[in-house]
Structures are given as structure tokens and as C-alpha cells.
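Working notes, structure below.
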Amino acid sequence: MNKFKGNKVVLIGNGAVGSSYAFSLVNQSIVDELVIIDLDTEKVRGDVMDLKHATPYSPTTVRVKAGEYSDCHDADLVVICAGAAQKPGETRLDLVSKNLKIFKSIVGEVMASKFDGIFLVATNPVDILAYATWKFSGLPKERVIGSGTILDSARFRLLLSEAFDVAPRSVDAQIIGEHGDTELPVWSHANIAGQPLKTLLEQRPEGKAQIEQIFVQTRDAAYDIIQAKGATYYGVAMGLARITEAIFRNEDAVLTVSALLEGEYDEEDVYIGVPAVINRNGIRNVVEIPLNDEEQSKFAHSAKTLKDIMAEAEELK
């Protein structure tokens with residue numbers, strides 16, 4: 001039974017990621033109503049005007065307005081992009097203490113409005129902050145989603161598509177684990193235009209080194225972009241829009257998001273990037289890909305990395 005009826009999104013955090021996400025929603029007419037909240041109310045005012053001026057060219061009418069936490073009471077989806085930004089040379093996990101404090105305040109304000117929808121978390125370190133949102137909100141695990149490795153998987157598919165000269169949508173390959181340095185590719189189930197990657201590499205052995213380099217490029221892409229222009233935002237904004245679309249269209253789409261594991265992949269009590277079925281009620285279920293021994297070992301290491309960080313976080317004790 002689908003609980004939610006409308007398509008109202010409240011966006012908290014109107015920085016580079018948040019404003020790019022807002023534009024993606026309006027451009028694609030994914031929502032009926034978009035409310036934007038940020039401490040910088042003047043920037044929100046300007047962005048709301050700018051987005052409204054774009055709506056005559058969007059496929060359908062989208063209502064856009066500046067708001068406050070009380071607007072969350074009837075929202076279907078609250079998307080959190082607020083938090084301290086990642087600095088050059090700083091890992092996503094370095095951000096944890098600063099952003100946990102911010103999230104405790106944000107989630108408390110949202111829940112005080114009697115919010116009863118779905119949370120979508122984008123702020124880094126996203127796996128830990130999705131877990132924190134679940135803990136702070138008291139909502140069922142199905143209704144707290146992190147953006148996880150949706151962007152990493154997109155980068156991975158793009159680079160593989162370029163290597164094999166096919167469209168990215170013809171590549172089925174996932175990055176799982178932490179959205180960060182311990183993420184891993186699921187080579188054992190990757191396929192290009194329906195052909196197993198393993199089979200293709202047997203036909204062109206020289207491609208093995210290229211494939212390994214593709215993962216390195218995928219993993220380190222954010223650092224390269226941050227070094228070049230200070231932040232990444234277009235890719236993750238489109239990923240967030242894709243998750244939003246899957247929710248509101250009740251798609252049962254499989255996307256690599258950060259979800260709570262309760263025995264899947266032999267892990268417990270951790271939010272981490274895995275394939276999951278997304279529909280109007282949030283996460284329907286986690287999809288367990290049979291990993292080979294090496295992949296399982298790397299995934300366990302990734303989960304342990306996140307758990308070790310959370311164990312040190314005073315805000316989660």
C-alpha cells in the first residue's frame with residue numbers, strides 16, 4: 001500500500017549541490033512543489049526567483065518557494081544537502097564530527113514539524129549521516145536513504161562505456177561500499193551490452209590494466225574535481241534527481257544507494273552503498289549480489305571502516 005499521495009520536496013541546504021538538485025527537479029518536472037530552506041535566506045530568495053523564471057520552459061508547472069522547517073509537516077521527501085563542505089585534501093570521513101552536530105539540529109527541527117515522509121541524505125560522509133538521520137529521526141529504515149554510491153556507479157559506467165565505445169546505459173556495473181576511499185567495483189557481475197566483462201577481457205587481455213585504471217579514476221574523481229574547481233555538484237545532483245524520480249514514480253528501480261544492512265552481505269547496523277529497490281515507500285529491499293571472495297573481503301573492510309568511525313562519534317553514542 002502506497003502511503004504518500006503528493007510530490008512535495010523540501011530541500012535543506014542551498015549550496016552548490018542543493019541548488020543544482022533544485023534546478024534538476026525543475027528542469028525535469030519531477031516534483032509538483034519544491035520548498036528551499038537555508039540559513040542564507042537572501043541566496044534562497046534569489047534562487048527561488050531564478051527557478052521560477054525557468055518554470056515556463058519546464059515540462060509541467062513546478063511551484064517553488066522559500067520556506068522554513070514547518071513546511072516539512074506535509075512533505076513527501078526531505079532532501080538534506082546542508083553541512084560543512086569537503087576541502088581539498090580532506091577525506092569525506094574527516095567531515096564526520098562537524099556534520100553530525102549539524103544533522104542532529106536539522107533532523108530534530110524536521111521531526112518537530114510532524115514530518116512523516118522519506119529522508120534523502122546527500123551530505124558527506126553520506127553513509128554515516130544517513131545512519132545518523134535514521135537514528136535521530138526514529139523513522140523506519142525504509143524511509144531513510146543516502147545517495148550512497150549512485151554517483152560512483154555513474155562515473156564507473158561512463159568510463160567503461162568510453163572504453164568499450166557504447167552508451168553508458170548499455171553498461172551494467174556497480175560500485176558498492178562506502179562512498180569514499182574504501183569503495184569497490186563488483187567486477188564479477190559487470191557486463192557491457194549484455195556481455196560479461198570477464199568474457200570481453202578474455203578476448204582482449206591488454207584491456208585488464210585499462211580496466212583497473214578505470215576504477216582508480218572512478219574512486220579518485222571527486223578529489224580531481226575538487227582540486228580543479230572546489231566542489232562536485234552536477235553529478236550528485238542528477239543522481240539525487242534520479243532517486244527522487246524513482247520514489248515519486250513508484251518505479252521499483254534498482255539504484256546503488258546507502259541503505260541499512262541487517263544481515264545482507266553479512267553485515268549489520270551500518271548504512272552503506274548497495275543496490276536497492278526504490279519505490280514510493282522508500283527502500284523496498286536491498287538487492288544482494290553474490291560477491292566473490294575478494295569482493296566480499298573488500299566490502300567487509302569498507303563496512304568496518306564506517307563502523308570504526310561511528311564508534312568514535314560521540315553524537316551517535
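Note that Cβ sites are derived from N, Cα and C of the backbone, with glycine treated the same way.
Features of the protein shown, as given by Swiss-Prot:
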ACT_SITE  H179  active site, proton acceptor
BINDING   V17, D38, K43, Y69, G83, A84, S105, A122, T123, N124, S147  NAD(+) binding site
BINDING   Q86, R92, N124, P125, V126, D127, D152, S153, A154, R155, T232  substrate binding site
MOD_RES   Y223  phosphotyrosine
Worksheet, complete the sentence: Here the recorded positions are K43, H179; the one whose Cβ sees the most other Cβ atoms within 10 Å is H179
Worksheet, complete the sentence: Min neighbour Cβ count (10 Å) across binding-site residues S105, T123, T232 flags S105
Worksheet item: For the NAD(+) binding residues given in the record (V17, D38, K43, Y69, G83, A84, S105, A122, T123, N124, S147), what is the largest pairwise C-alpha separation in angstrom?
Response: 25
Worksheet item: At the level of the C-alpha atoms, what whole-angstrom distance separates T232 (substrate binding site) and S147 (NAD(+) binding site)?
Response: 14
Worksheet, complete the sentence: Among the recorded positions listed as N124, V126, A154, Y223, the Cα nearest the Cα of G83 (NAD(+) binding site) belongs to N124
Practice prompt. Kindly assign S147 (NAD(+) binding site) to one of the three DSSP-derived states: helix, strand or coil.
Written response: coil
Discussion item. Quick check for the class: what is the C-alpha distance, in angstrom and rounded, between D152 (substrate binding site) and H179 (active site, proton acceptor)?
Written reply: 7
Worksheet, complete the sentence: Candidates V17, A154 (binding-site residues); min other-Cβ count within 10 Å returns A154
Worksheet entry | recorded positions: G83, Q86, V126, D152, Y223 - member with fewest neighbouring CB atoms within 10 Å | Y223
Worksheet entry | When distances run from the Cα of Y223 (phosphotyrosine) to each of the binding-site residues S105, T123, N124, A154, the nearest one | N124
Discussion item. What does the structure give for the C-alpha distance between the residue listed as 'active site, proton acceptor' and N124 (substrate binding site)? Integer Å is fine.
Written reply: 8
Item to complete: Looking only at C-alpha atoms, tell me how far Q86 (substrate binding site) is from T123 (NAD(+) binding site), rounded to the nearest Å.
Response: 10
Item to complete: Between the Cα atoms of A154 (substrate binding site) and V17 (NAD(+) binding site), find the distance and write it as a whole number of Å.
Response: 17
Fill in: Length of the line joining the Cα atoms of V17 (NAD(+) binding site) and V126 (substrate binding site), in Å
13
Worksheet item: Roughly how many angstrom lie between the C-alpha atoms of K43 (NAD(+) binding site) and V126 (substrate binding site)?
Response: 25
